[in-house]
Amino acid sequence: MTAFTIDPNDVVGAVARLRARRPRVHCITNAAAVTLTANVLLAAGAVPSMTVNPEEVPDFVAGADALLVNLGTLDPQRQAAIDAAVEVATEAGTPWVLDPVFVERSPVRLALARRLAAAEPTVIRLNRPELAALTGTGGHETAGDATAADDASADAYALSSLSTVARTGDVDYVTEGGRAVRVAGGHPLTTLVTATGCATGALMAGFLAVEHDAVVAAAACLAFVSAAAERAGAEAAGPGTFSPLFIDALNRLSPEDIGASTRIS
């Protein structure tokens, strides 16, 4: 493994470029995540588009700066839209994120995720059970603390898929096989608000539009989200008040706040 570090200033710079450039991220995401995902992107500085109509998707993706493919609430229309979107993004060289939601629970979804992974997404964002399903290594019941074997599995999958892998959990792990970093932070209330992870995948696509190093982009996104979650969690009374405070924090965190909260090793 090559020695590699990401400085807090790298995170601050990536956030500044996101806010300045306002990249458009086309999101094919699950029904439960649409509103939060759009609001997270807007608050952070990006622009969302959300159609899943297979007839419209090629034109929307052709003009987008990045693409999210999220497999939650999979249905025939979304699957057709995904195929069309990935084809356009691949031909155009548009960065895209694959979020293989709950592939460990559905053979149909797992087969689709493996086929999409073969198209070499820029980043695959997942948790431990999803990674275990994709690699066929069995699985853990939860997405909590990772072991050295989990890290090695993520490294190997990044090399075999030719994608950067961002495995999220109590401590996030971003790897391309030869370089890897850990991102600490966040807040427990994040896990009690539906679609926060899905929205993070969309925001990660936005970071890819302004940072060409996928490891740096993914880690910067996760550090930014963690900083916003910490700010929101400190003020929230519970999950109901956490969500709007989280969106506010994404919009209002200063460079100094972001730099001070960044914990990447």
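Residue numbering: from 1, along the chain as shown.
The backbone N, Cα and C atoms fix where each Cβ goes, glycine too.
TrEMBL annotations:
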| type | residues | note |
| --- | --- | --- |
| BINDING | MET50, ALA195 | substrate binding site |
| BINDING | ARG125, THR168 | ATP binding site |
* Structure fact -> Under a three-state DSSP reduction, the secondary structure at ARG125 (ATP binding site) is strand
* **Distance [Cα-Cα, Å, rounded] between THR168 (ATP binding site) and ALA195 (substrate binding site)** => 14
* Asked: To which of the binding-site residues MET50, ALA195 does the lowest count of other Cβ atoms within 10 Å belong?
  -> MET50
* Asked: What's the CA to CA span in angstrom from ALA195 (substrate binding site) over to ARG125 (ATP binding site)?
  -> 14
* Asked: Around ARG125 (ATP binding site), which residues of its chain at least 6 apart sit with Cβ under 8 Å of its Cβ?
  -> VAL97, LEU98, ASP99, ALA166, THR168, GLY197, THR200, GLY201, MET204, ALA218
